[in-house]
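J.: Under the heading transmembrane segment, TrEMBL lists 27-47, 77-96, 116-133, 154-173, 185-205, 212-236, 256-278, 299-318.
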C-alpha cells in the first residue's frame, strides 16, 4: 500500500514530477476500501479456537479490569519494560531537525525518491521481524544475550549517524540516494533493538492477560513518539539558521547543523544507560516476573508509573489535537517548525 501511495501521490500538487496522480480524497477512498477488505478477510477467514485448552474465555467486567491493572502495575517486570520501552523509543525516535535542510539544500532528494525510501523503511522492519522469528537468529540472540545485542545495535547506529552527518555536512559525500540508503541501514539496527525488546515483552506476559500486558508495554513505546518529536523540535530550534546560510553553505550553518546532529547522537548513546531495565535473556525475564512491588516504597513506584503513563497519554492527545488544526500545527510542541 505504501508503494502504491508513493507512485499515486507524485504529481505537481504533492511536489513531485509526475503529470498525473490521485487526489487526497481518492486516496482516502482507496485506503478505506483496502481496510474494509482486510477487516472482512480477518472476520471470515481467520480461524481460531474460541475456547483453547486450559483457558476459560471470559469478558472482564470494569471491576476485573481494575484488578488486572493493579496486578500488572505491581509486577516489577512490567514496570521495568514499560519504562525501558518508552525511553528506548524516545532515544531512537529523537532526530536532528537540521536533516530537513540537508535534503533540501545540500543533498536534494525528490519527492519520489524520499517516498520510496520511506516505504522501504517499512519493508526493513517487516524483514527484521521475519529474521528474528527464524530459529537460527533466536539461537544467536540467546547466545549473545539481549542486552549485548541492543548495546551493539545502539553503538553501531550511533556511529553510522555520526559518520553520515560528518560526510554530508562537511561536503565529503552529498548524494541523496547514498544518504537515504545509509538511513535504511541504520533502521535495520533500530529494528533489531526494538524486536529484542518485544521478545522480552512476550517473555514476561502475564498468563491469562497476555494481550493486556503486551499491549500496555507496546503502547508505552508508541507514546514516546509524539514526545520525542516535541523534544526534537524544542531543542532543534536553538540550532536553526537562515535558509540563505544553507544555500551559501556557510561555516556557521555547518557548525549549527553538526551540533544538532551531535545532540541526536548523544541522545542515542544514552540508550546504553537503559540496559539494566532490560532482562538479558528469557530466563532472566521469567525470574523477574516473580518479583513484585510491595510496601510503601513499592506503592510509590507503582503510583509514579501510573501517573507517568497517564501523563504520556494526555501528552499524545494534546499534541495530536494541536497538529490537527492549521493555526496550531506550526507550533514546535506539535512537531511544527514554529509559528
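Residue 1 is the first one shown; counting continues down the chain.
Backbone N, Cα and C atoms are what each Cβ position is placed from, and that goes for glycine too.
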J.: Could you name the stretch, out of 27-47, 77-96, 185-205, 256-278, 299-318, with the greatest number of CB pairs under 8 A to the transmembrane segment (116-133)?
T.: 185-205
J.: Looking only at residues six or more beyond either end of the transmembrane segment (77-96), which have a C-beta under 8 A from one in the stretch?
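T.: 154, 157, 165, 190, 193-194, 197, 200-201, 204, 206, 213, 216-218, 220-225, 227-229, 231-232, 236, 257, 260-261, 263-264, 267-268, 270-271, 274, 277-279, 285, 288-289, 291, 293, 301-302, 305, 309, 312.
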J.: When each of 27-47, 185-205, 212-236, 256-278 is checked against the transmembrane segment (154-173) for Cβ pairs under 8 Å, which one has the most?
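T.: Out of the listed stretches, 256-278 contacts the transmembrane segment (154-173) most.
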J.: Report, as numbers and ranges, which residues of the same chain sit near the transmembrane segment (212-236): CB under 8 Å and 6 or more residues beyond its ends.
T.: 68, 72, 78, 81-83, 85-90, 93-98, 194, 197-198, 201-202, 204-206, 260, 263-264, 309, 312-313, 315-316, 319-320, 332-338
J.: Let me spell it out: take the transmembrane segment (299-318), skip the flanking residues so only those 6+ beyond its ends count, and list any with a Cβ under 8 Å from a Cβ in it.
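T.: Contacts of the transmembrane segment (299-318) (Cβ under 8 Å, skipping residues fewer than 6 from its ends): 73-74, 79, 82-83, 86, 220, 223-224, 226-227, 230, 293.
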J.: Are there residues at least six beyond either end of the transmembrane segment (185-205) with Cβ under 8 Å to its Cβ atoms? List them, or say none.
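T.: Answer is 75, 77-78, 81, 84-85, 88-89, 92, 121, 124-125, 128-129, 132, 141, 146, 149-150, 152-154, 156-157, 160-161, 164, 213-214, 217-218, 221, 271, 278-279, 282, 285-286, 288-289.
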